[in-house]
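Participant: What follows is a single structure, and I will ask about it in a moment.
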């Protein structure tokens with residue numbers, strides 16, 4: 001039987017198509033998070049913001065990989081720490097999103113009694129952190145409400161920033177959600193990511209940020225003291241079926257905000273928040 005090169009043509013086409021398809025698949029974005037299994041990610045970069053706060057960038061396996069974290073959810077960090085009987089696990093919300101490929105960023109403030117925060121602060125570039133997720137009841141979807149009111153304190157800004165960025169990114173696809181954010185801190189230098197927040201507010205008229213300080217500098221025009229029911233009434237949307245209040249901050253602040261929002265007519269915040277709650281506490 002004579003050999004015909006044309007007879008191999010269909011197989012060549014199939015092979016090329018298969019290889020091409022594999023290349024497209026292999027070069028695409030892959031979600032790396034596993035909800036029930038810790039994985040190790042290498043610290044790639046550390047950006048110090050203050051004496052006790054930094055942004056930690058962790059490397060994903062490939063430059064095209066994404067974390068795979070729904071907007072509004074968080075991850076768990078785990079570490080075996082001397083003196084602790086079992087692995088210590090704490091939750092953090094990245095300030096990056098799946099728009100950022102090849103890495104994820106965590107804003108972490110170290111506390112004297114914070115086991116995980118101190119552990120991360122002592123990590124050197126090249127060392128690894130155990131991570132799993134996603135976790136959490138909050139998942140943002142475009143136009144899920146007409147208006148968000150947000151109340152945050154300190155590093156409680158992280159889930160708020162994640163949601164705000166997603167809303168503003170979605171403007172071109174029809175996301176019309178309004179956002180008013182009350183961000184409370186002790187001193188001016190404690191206002192984390194202020195430049196980012198101000199830039200977002202300048203860019204988008206439907207996002208407004210209201211700063212509150214315990215120790216304001218001379219000439220300060222923002223709020224002063226603790227966040228009160230009067231501040232919430234003045235700055236945030238009134239109770240309505242298409243309004244949701246998000247709260248994240250130190251436990252005493254969260255407890256106070258639950259009482260304040262209830263006094264203003266919002267639905268009573270539950271001990272453990274669910275997505276459908278009018279007042280959702282991270």
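We count from 1, first residue shown onward.
Using the three backbone atoms N, Cα and C, a Cβ is placed for every residue, glycine included.
Below are the features I grabbed from Swiss-Prot:
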TRANSMEM  2-22  transmembrane segment
DOMAIN    36-141  domain 'FAD-binding FR-type'
BINDING   121-136, 147-181  FAD binding site
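What's the neighbourhood like for each of these?
Facilitator: Its Cβ placed at the centre, residue 173 (FAD binding site) has 8 other Cβ atoms within 10 Å.
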Participant: Return the count of C-beta atoms lying within 10 angstroms of the C-beta of residue 159 (FAD binding site), excluding that atom itself.
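Facilitator: So the Cβ neighbour count for residue 159 (FAD binding site) comes to 27.
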Participant: Far apart in sequence but close in space: which same-chain residues, 6 or more away, have a Cβ under 8 Å from residue 152 (FAD binding site)?
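Facilitator: Counting only residues 6 or more apart in sequence, the Cβ neighbours of residue 152 (FAD binding site) under 8 Å are 160, 181, 182, 183, 184, 247, 248, 249.
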Participant: Counting each residue once, how many in the domain 'FAD-binding FR-type' (36-141) are helix, strand and coil under DSSP?
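Facilitator: For the domain 'FAD-binding FR-type' (36-141), the helix, strand and coil counts are 7 helix, 44 strand, 55 coil.
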